[in-house]
Amino acid sequence: MLPSQHLPIQCLIGTSAKLMPITQFIVNGLLVGALFTAVAVGFALIWGVVDIINLAHGEMVMLGGYSSYWILSSLTGDAEGSVTLFLATIPLVIAVVFVIGYALQRILVSRVIGTDIFLTLLVTFGISIAIQQLAIQAWSANPRAIRILFTDPSLTAAGIVIPKMKLISFIGAIALTVSLYVLLQRTRTGRAIRAVSQNPEAAALVGIDVEHTRAVTFGISSAIASGAGAFIATILNIQPQMGLIYTLKSFVIVVFGGVGSIPGVFVGGLMLGTVEELTAGLVSSQWTLAVSFSLLIMLLIVKPTGLFGEETRQ
């Protein structure tokens, strides 16, 4: 048989070898993107209900990571343990950060709602800096991480390596996002939140405590972000300055998917995770944010309302 007859098979093998890393990047992107979604859905909730862009949202992610880290360290002497022990910290983390978010809205944010947007940005930015500094004093500026103990840390399916903790984090992030959706659609609190989002004056007329509802919304948003932050601490290093990057990612996801659209946030989060993993794997991790914002700009030129956003009529 002539050597040239082998060429198609060799090309096929070469193409398959090149596609395999890309498939791995896409899977990694979807796993991480679910965490981005869980963070961004809280950002979108505050934007829609409280009507502010919360620059301190990323700090709730950081607080969630550090809270889980501190609880595990207190229980084990080091921030490591089984999956069961780690998951047991999540409800406590969510409860603590909910209270923090509720208090921040009641004490500080409520005073600037309805005022100039620059003032709301300034106040939330100040909250962000204050939380960062408190975290540095409490845990230092050194990067930290939670170590989950596995006998075999990865699964392999069709040649794709899936770290078990990333898979667990993916499931946890989906659970957080779905829980928020169910809360908004099926509970009395959720109906109150949606009413305040649509028309706070009318909501007040039917007996809804608008300020309390906004504070609850802020608390829920912070709690969801903190839960995602706890999972993030198991797959990435955490540090006090990490909040800004998650605030920026949340902004990109919400605008990309369409302000006010939960399905848009879900799709946007998965897309951002995939784009960032492909960029980091094929180009460089230094380009991930630049590529994300470039895609956002191109989308807004074509569709200013985002993927699932609806045009508002005057």
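If you go along the chain as it appears here, the first residue is 1 and each next one adds 1.
Cβ atoms are placed via backbone N, Cα and C, with glycine included.
According to TrEMBL, the feature transmembrane segment maps to 25-46, 84-105, 117-139, 167-184, 215-238, 250-272, 284-302.
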Interface present between the transmembrane segment (215-238) and the transmembrane segment (167-184) (three or more C-beta pairs under 8 A): yes
Winner by Cβ pairs under 8 Å against the transmembrane segment (250-272), considering only 84-105, 117-139, 215-238, 284-302: 284-302
Long-range neighbours of the transmembrane segment (117-139), counting only residues six or more past its ends (CB under 8 A): 52-56, 58-59, 62-63, 66, 69-70, 104, 108-109, 111, 240-241, 243-244, 247
Within-chain partners of the transmembrane segment (215-238) [C-beta distance under 8 Å, separation at least 6 from its ends]: 32, 35, 38-39, 41-43, 45-46, 49-50, 54, 57-58, 60-69, 86, 89-90, 93-102, 104-106, 109-110, 143-148, 163, 165-166, 168-169, 172-173, 176-177, 180, 183, 189, 193, 196, 246
